Each structure stands twice: as structure tokens, then as C-alpha cells.
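Down below is the structure, laid out as C-alpha cells.
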Ligand SMILES: CC(=O)N[C@H]1[C@@H](OP(=O)(O)OP(=O)(O)OC[C@H]2O[C@@H](n3ccc(=O)[nH]c3=O)[C@H](O)[C@@H]2O)O[C@H](CO)[C@@H](O)[C@@H]1O[C@H](C)C(=O)N[C@@H](C)C(=O)N[C@H](CCC(=O)O)C(=O)O
Ligand SMILES: Nc1ncnc2c1ncn2[C@@H]1O[C@H](COP(=O)(O)OP(=O)(O)OP(=O)(O)O)[C@@H](O)[C@H]1O
Ligand SMILES: N[C@H](CCC[C@H](N)C(=O)O)C(=O)O
Ligand SMILES: [Mg+2]
């Protein structure tokens, strides 16, 4: 076991108070989980302040504390270290605790409002296909080679993340692909990671409840590229208006991808069908079962990263063609009667615009597109009316329903969505609070050839209403009602 003094040796801007130097076996940031061999890091959060619990931590026998503000009383046998930024210190201490796993494999992070799970998962699957040992950290699940582990966050807290990476290294992983959320960047969850590469997909409206302004959201994303060192690559989507902004002052080597203009990785859609797309990347053609321009962009990002990692181009193109859709992203289910159900994780205005555009391009004009959509509670409320407006603009009919209302009143969320719908368009809209009933109604209304889009929850297998989670899976419900048609 290492001693406290070893842990803090490499922290910058620290002030040490007290003479204790306990042996430690865990880093903890929740006072309810400490014991005599824990190092407690006190952090200011969005709900409360970890510093308030330092006296309780001492009560529990813990003698090693890292904090931004010193407590009034410090036991004689304790040591307290004051740092400028506890979040950053936690990330660095966690990296030290697990012996810097990100130095021992090639870690590639994916950031952006939409497309992170898709790009990171496809890179992971491609690596497996090419015979590499590889880990994945994503919204849907974490993977160490083919072993699946549950994920509670898109990017977990620094201690969980470094622990997960340690396991990846122990299992021989050469690569780790991970999503890097804006919350994680703001809370410095990834500050202890040495990246081999970073990918930027796009930046559109989301999470303004947390970041308050779009500019603050953009700045959080940019810190990912600002902190990358010169051995790494930064691969950005230059079709997105902030793509080049990410590269400003970025020391990593710069690469771009685009479906519109000249770029290091240039893509083009040759043909788009319900079954998939024929694509051209840097002059070479390939077929993919994926649908939608946004997925052509995601695949191009995967192709670019694979090339920057030095993987063989022929093998990459061949393997890319055989990759299947990602859990809950544009998953299609067909009924015996010729109705197509599409379950997609679109939970932002831009994602919804993209998915609807893709569906409208491939459906026959005489067939209807019925969209079932809600918006999450305790999350950015400003996106609600915009999502409803976009759904109505691009669908034949819309059923507004609940997503995960969490602690909020579901009816209020639907009313706020409805505010985005023009009075003259309201005839197209039905409001059904119960999501299962909403999906059932869509199935009942659909005729042969029609498409039902059920958006927002994708891979999720629960619904959270009034703080209680119950089993809920859009795909299961569609299948159940399709059976009855
Ligand atoms: C808003 C947000 O991101 N919150 C995250 C944050 O918690 P917080 O800052 O609110 O913590 P807090 O409750 O104020 O507590 C402050 C500190 O006091 C400590 N404490 C608290 C109580 C106590 O009795 N004793 C104690 O020591 C807490 O452990 C914490 O260290 O830090 C926690 C530990 O890392 C996270 O679990 C928590 O995620 C919450 C559950 C969450 O819902 N986060 C979502 C919004 C999120 O992170 N989403 C992103 C992006 C999603 C995407 O777009 O894909 C993600 O990466 O998943
Ligand atoms: N490149 C893209 N541009 C715009 N929309 C996209 C893109 N890729 C995927 N989408 C849409 O966004 C939804 C979410 O995609 P994905 O899960 O890959 O994104 P994410 O960034 O991981 O999201 P989250 O922040 O919730 O983890 C998809 O279901 C699809 O509707
Ligand atoms: N990672 C996203 C997921 C949203 C998914 C949607 N189904 C919801 O619950 O709002 C978030 O936390 O904002
Ligand atoms: Mg994700």
C-alpha cells in the first residue's frame, strides 16, 4: 500500500497541513464510503459541497483529505492537502492510484453533441474485427474485449474511469475508445488521461441547463483539444461550423473530415436507400447498412481515425461494410403488414432533424411518417419546444409523449413541447402522456408502407417517472403491438 505522501508528490499548487501519513488503498469522493485507509477528496458539486462532510470523514477514521478549502479542525494524526482544483486533483490522484493506465494503451476520445456513441462503438467493433484487444467506454455500456459491463454515465467519474482503464490494460487491451461528454470535461473527470487521439463530431443545442450558454458549452468541449499533447491527433468534422475552432491553439496534429469540401478524409454519398448507403471515402467505394447523411459523417470519422492509427485501408473498408447498427440507433423493426418501426436515440433538436431528414429521403411520398417523441425531465428545458417544432415540420403526424420525466410532471413537459407547435399545425399532433399508449396508438394508425419513428430513448431499458425507474424498452413495445396487427 502506498502512503498519502506518495499520492500528493506530483500534485501542483498544493499546501500540506498536519503530520499524518496514512497508508491508503482507495480514493473516495463520497463521505459515506470512507474508512481509515481511504483518501477523501472534497469537491464542490452541483447539489452540495463535499467540504461540508470533512468533519464526518474524520469521524469515520479517515486521515487523508484533499480539498480546496481547509477545514476548521484537523485531527493531530491526519494530513490535509489544499489544492486549487479538487476535481483536477481527483483525476490525477486516480491516474496515480491505478498506475497511469492511459500511458499503457492508445486512448482515443470522441466528443460532440451527437454521434459519440456511434463513432466510439464502431471504432471498438472495427478494432475487434481487425483482431486487436480493445476497450470501450460509452453511454450504452462499457466493454473490455467482448466482456460487457454496465455503464451509469456516458463518461464515468475519474476513479471509476481510471479503474476501468486499469482493467483494460490488465486484460491486454492495446486500444481504448471512449466518449468524452461535456459534463466530464467541465468536471475534469478525464484530466488524468493521456490521449493518443481526439475526435470531434459536431456541436448543437443540448445541456444548456448545465452549461447555461452555448459559448460555455463550446468552451467545455474545446478544453478537450486544448489539453491534448503534440504526439496525439485531433480529427475534426469541418462540416460543423465549430470544427476548426476546436483546432485553434491545439498542439496535437490536425486532421479534418468532410462530406462537403476538401479535407484529409473526404467522403461522398453515392446512393442512399432504406437498406443502406453506397459511400466513397478518399476515392474508394464501400457499402454500408447504415442510413442517413449523419451516419455517413460518423463512418467517415471512424475511417479517418482508423487511418490515423495506422490500420490497413483495405481491411478497414472491408470491415466497415460489415458493421451493424449500434444498439438503439436507427434500429428498424418490420411488421408482417408492411409497417416499419424505427427506434432512435435522437434526444436533441439536431439529432431529430437528421433522423427525420434521413427517413423522409428514403420513404415513398405516398406513405406517412408518424413520429412518437418526448423530452427528458431535469434536463435542458429549452430544447423541448424546438424538438416538437422539428418533429411536426418533418412528420405526417406526431404523438407527443413522455421520455424520462424524472422528478418533473410529465404533462408539464408535454405542454412545454406543445408551445413550439404553430396553432395551425396542432391538428397533426396528439398528446398521450403514457409512452406505451403513445406507441400503441402509432401502431394502430400506421398503414402498409408507413414508417413510425420512436425517438429519444434508443437503447434504454427503463423509464424514470417521479424518480422511480421501471423496465421499459421501445423496441419490445413496438414488437408486441406489431404482433397484434
Ligand atoms: C450534474 C452532474 O453531472 N452531476 C455529477 C456530479 O455530481 P454533483 O456535482 O451534482 O455532486 P453533488 O451531489 O453536488 O455532491 C458534491 C460532492 O459531495 C459529495 N457528497 C455528497 C453527499 C454526501 O453525503 N457526502 C459527500 O461526500 C459527493 O460525492 C460529491 O463529490 O458528480 C457525480 C460523481 O461524478 C456524478 O455522478 C453526477 O452525475 C449525475 C448523477 C448526472 O446525472 N450526471 C449527468 C447529467 C451526466 O453526467 N451526464 C453526462 C453527459 C450525458 C450525455 O450527453 O451523454 C455523462 O457523462 O453521463
Ligand atoms: N453525426 C451526427 N450528427 C447529428 N446527429 C447524429 C449524429 N450521429 C448520431 N446522431 C443522432 O443522435 C442520436 C444519438 O447518437 P449517439 O448516441 O451516437 O450520440 P451521443 O453523442 O453519444 O449522444 P449522448 O450525448 O446522449 O451520449 C442518434 O440516435 C441519431 O439520432
Ligand atoms: N445523456 C443524455 C441522455 C438523454 C436521453 C433521454 N432519453 C433523456 O432521458 O433525457 C442526457 O443525460 O441528457
Ligand atoms: Mg453517447
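Each residue, glycine too, has its Cβ placed from N, Cα and C.
Record check: TrEMBL places 403, 404, 405, 406, 456, 460 at the meso-2,6-diaminopimelate site, and the matching candidate among 363, 379, 426, 479 is 379. Of the recorded residues, residue 221 (N6-carboxylysine) and residue 112 (ATP binding site) place their C-alpha atoms 7 Å from one another. Packing against the motif 'Meso-diaminopimelate recognition motif' (403-406) from elsewhere in the chain are residues 347, 373-379, 413, 435, 456-457, 460, 462-467: each is 6 or more residues past its ends and has a CB under 8 Å from a CB in it. Sequence-distant contacts of residue 404 (meso-2,6-diaminopimelate binding site), defined by Cβ-Cβ distance under 8 angstroms and a gap of at least six in the same chain, are 376, 377, 457, 460, 462, 463, 464, 465. Rounded to a whole number, the C-alpha distance linking residue 116 (ATP binding site) with residue 406 (meso-2,6-diaminopimelate binding site) is 24 angstrom. Just so you know, the Cβ of residue 115 (ATP binding site) picks up 25 other Cβ atoms within 10 Å once every protein chain is counted. Contacts of residue 456 (meso-2,6-diaminopimelate binding site) defined by a Cβ separation under 8 A and a same-chain sequence distance of 6+ are given as 345, 346, 347, 373, 374, 375, 376, 403, in order along the sequence. Classification of residue 406 (meso-2,6-diaminopimelate binding site) by DSSP places it within a strand. Only 379, 403, 404, 456, in sequence order, out of the binding-site residues 112, 379, 403, 404, 405, 456 have a CB under 6 Å from ligand 3.
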